[in-house]
Amino acid sequence: MKIMVIQGPNLNMLGMREPNIYGRMKLEDIHKQMQSVADQAGTEIEFFQSNFEGEIVDKIQECVGTADGIIINPAAYTHTSIAIHDAILAVSLPTIEVHISNPARREDYRKTSLIAPVTAGQIIGFGPIGYHLAMMGMLQIFEQIKAIKTANKGE
């Protein structure tokens, strides 16, 4: 099984950008922790970050046939991108949305996610550990898919 982790705009600035909101952990450190969890679970993982909406849409589309699930932090595109929403819907892969901060506690324009309706769930406001929680959630989804496939073989 393979997880694609997609990081949206400005997440490459973690550790420097608004540490009072996002903390001091760098994106590379978050990815190292996720890689460790994936290694322990025997799961492949790939990381992608872009500040450009079209590149994120392209990466989501490339997941067809190459990934089994997506963990995405669409960052500011959460509130504006119908294109990312539609791409996730089109690929029909289990997707978990992650946010380091809690958008509901921030500006009004951050309170609505256009992405949430096409995801298996959201993990928000737990800081960088939210990515670990998303990994646990995705691994559980993989186990459920495996169990369903096994049960269907027995029919």
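Numbering starts at 1 and runs along the chain as it is shown here.
Glycine is no exception: its Cβ is also placed from the backbone N, Cα and C atoms.
Swiss-Prot lists TYR22 with the feature active site, proton acceptor, giving sequence analysis as the kind of evidence. Look at Swiss-Prot and you will find HIS99 tagged as active site, proton donor, backed by sequence analysis. The annotation substrate binding site is assigned in Swiss-Prot to ASN73, HIS79, ASP86, ILE100, SER101, ARG110 on the grounds of sequence analysis. Residues annotated as site 'Transition state stabilizer' in Swiss-Prot, with sequence analysis given as evidence: ARG17.
Location within the structure of each feature annotated in Swiss-Prot.
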| residue | record | contacts (Cβ under 8 Å, 6+ apart) |
| --- | --- | --- |
| ARG17 | site 'Transition state stabilizer' | ASN10 |
| TYR22 | active site, proton acceptor | LEU14, ILE100, SER101, GLY127 |
| ASN73 | substrate binding site | ILE6, GLN7, GLY8, LEU11, GLU97, VAL98, HIS99, ILE100 |
| HIS79 | substrate binding site | PRO103, TYR109, ARG110, THR112, SER113, LEU114 |
| ASP86 | substrate binding site | none |
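Cβ contacts within 10 Å of ARG110 (substrate binding site), excluding its own Cβ and spanning all protein chains shown: 16. The number of other Cβ atoms within 10 Å of the Cβ belonging to HIS99 (active site, proton donor), over all protein chains shown, comes to 23. Fewest other C-beta atoms within 10 angstroms, among the binding-site residues ILE100, SER101, are seen around SER101. Summarising the substrate site geometry, the residues cited as binding it (ASN73, HIS79, ASP86, ILE100, SER101, ARG110) extend over a maximum Cα to Cα distance of 24 Å. According to DSSP, SER101 (substrate binding site) is assigned to coil rather than to any helix or strand. DSSP assigns ASN73 (substrate binding site) to a strand in the three-state reduction.
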